[in-house]
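Heads up, the thing below is written out as structure tokens.
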Amino acid sequence: VLSPADKTNIKSTWDKIGGHAGDYGGEALDRTFQSFPTTKTYFPHFDLSPGSAQVKAHGKKVADALTTAVAHLDDLPGALSALSDLHAYKLRVDPVNFKLLSHCLLVTLACHHPTEFTPAVHASLDKFFAAVSTVLTSKYR
């Protein structure tokens, strides 16, 4: 459960990210593919070389979904229902991959915003990504 302090940290951090969210999403996907090569199996039709246009475009989709989630912190299941359906029923993404991407998102944000990435912000973002992952995998059960 996200506390009021968590919600403040998440919204504040996302505001600071601003127009870079799509770039960071692409970078986090690059990190995920490089660090956890098994995640590439879901993208056989993509050019998975670092910085490819397809990875950047999908990273922007990830970032846009997270931006939607940030705007609906009190109703993540409602805000992400269609995305949950897509990943569970059509794409059938192994739930562990959400944890791997979440880790890479945290690393990417910490690299770009080291001053703002305090222990409290880190904890809040970790809880947020875990909550999003839980929603995205909720229809697997």
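Just so you know, glycine gets a Cβ as well, placed from its N, Cα and C.
Per Swiss-Prot, the features are:
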DOMAIN    1-141  domain 'Globin'
MOD_RES   Ser3  phosphoserine
MOD_RES   Lys11  N6-succinyllysine
MOD_RES   Lys16  N6-acetyllysine
MOD_RES   Lys16  N6-succinyllysine
MOD_RES   Tyr24  phosphotyrosine
MOD_RES   Ser35  phosphoserine
MOD_RES   Lys40  N6-succinyllysine
MOD_RES   Ser49  phosphoserine
BINDING   His58  O2 binding site
BINDING   His87  heme b binding site
MOD_RES   Ser102  phosphoserine
MOD_RES   Ser124  phosphoserine
MOD_RES   Thr134  phosphothreonine
MOD_RES   Thr137  phosphothreonine
Next item on the list: Among the recorded positions listed here (Lys40, His58, His87), identify the one with the smallest other-Cβ count within 10 Å.
Entry: Lys40
Note to self: Just to verify a number: CA distance, Thr134 (phosphothreonine) to Ser102 (phosphoserine), in angstrom, no decimals.
What the structure shows: 12
Notebook entry, point to check: Rounded to the nearest angstrom, how far is the Cα of the residue listed as 'phosphotyrosine' from the Cα of Ser102 (phosphoserine)?
Noted result: 12
Next item on the list: Identify which of the modified residues Ser3, Ser102, Ser124, Thr134, Thr137 has its Cβ surrounded by the largest number of other Cβ atoms within 10 Å, counting every protein chain shown.
Entry: Ser124
Next item on the list: Let me know how many other Cβ atoms fall within 10 Å of the Cβ of the residue listed as 'phosphotyrosine'.
Entry: 21
Next item on the list: Check the Cα-Cα distances from Thr137 (phosphothreonine) to the recorded positions Ser3, Lys11, Lys16, His87, Ser124 and tell me which is shortest.
Entry: His87
Note to self: Nearest by CA distance to His58 (O2 binding site): which of the recorded positions is it, out of Ser3, Lys16, Tyr24, His87, Ser124?
What the structure shows: Tyr24
Notebook entry, point to check: Could you give the Cα-Cα distance between Ser124 (phosphoserine) and the residue listed as 'N6-acetyllysine', in whole Å?
Noted result: 15
Note to self: Using DSSP, what is the helix/strand/coil residue split across the domain 'Globin' (1-141)?
What the structure shows: 110 helix, 0 strand, 31 coil
